């Protein structure tokens, strides 16, 4: 397991670019909001900590994880952001629905990254159990939202190199 010995929230603060002049969009799924809200909070707290102004963080809620692709494209095109963080949570159930949603959102976000000029960060938890999701949304494995925000800052900084 990749996280067996790692807290997702551990990172080298000095390696993260300052976000002072950046605008960051966050698309957040309402489904499994008990997980996505802490992920969003982790992302926002990290962005603020690295200098992104609260006025330059644009949050767009959508009903579910599948809708994150559309919301991410909307944020990139309509709000002129430097990066988008897509936050969602899909927990495996008894039907193939999990596979369809995970595959669809992964392909959608990948396509946005290939076709667009704004990095879209995959902050979607795809877990076997709700406990695994909780452990990655502020639990023993840290907060994946924090990791997604760090990635957004680093990717947005690529244009500035």
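Any Cβ shown, glycine's included, is placed from N, Cα and C.
Per Swiss-Prot, the feature active site, proton donor maps to 97; the stated evidence is sequence analysis. Residues or ranges marked as 5-amino-6-(D-ribitylamino)uracil binding site in Swiss-Prot (evidence: sequence analysis): 31, 65, 66, 67, 89, 90, 91, 122. Residues or ranges marked as (2S)-2-hydroxy-3-oxobutyl phosphate binding site in Swiss-Prot (evidence: sequence analysis): 94, 95, 136.
This view paints the features noted in Swiss-Prot onto the structure.
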residue : record                                           : Cβ contacts under 8 Å, 6 or more apart
31      : 5-amino-6-(D-ribitylamino)uracil binding site    : 63, 64, 65, 88, 89
66      : 5-amino-6-(D-ribitylamino)uracil binding site    : 101, 104, 105
90      : 5-amino-6-(D-ribitylamino)uracil binding site    : 32, 65, 98, 101, 102, 105, 124, 125, 126, 127
91      : 5-amino-6-(D-ribitylamino)uracil binding site    : 32, 98, 127, 128, 129, 130, 132, 133
94      : (2S)-2-hydroxy-3-oxobutyl phosphate binding site : none
95      : (2S)-2-hydroxy-3-oxobutyl phosphate binding site : none
122     : 5-amino-6-(D-ribitylamino)uracil binding site    : 86, 106, 109, 148
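Under the DSSP three-state reduction, residue 90 (5-amino-6-(D-ribitylamino)uracil binding site) is assigned to strand.
In the three-state DSSP scheme, residue 122 (5-amino-6-(D-ribitylamino)uracil binding site) falls into the strand class.
On a Cα basis, residue 97 (active site, proton donor) lies 14 Å away from residue 67 (5-amino-6-(D-ribitylamino)uracil binding site). Cβ neighbour count for residue 136 ((2S)-2-hydroxy-3-oxobutyl phosphate binding site): 25 (other Cβ atoms within 10 Å of its Cβ, all protein chains included). Counting Cβ atoms from all protein chains shown, residue 97 (active site, proton donor) has 12 others lying within 10 Å of its own Cβ.
Taking the Cα atom of each, residue 136 ((2S)-2-hydroxy-3-oxobutyl phosphate binding site) and residue 97 (active site, proton donor) are about 22 angstrom apart.
According to DSSP, residue 67 (5-amino-6-(D-ribitylamino)uracil binding site) is assigned to a helical segment.
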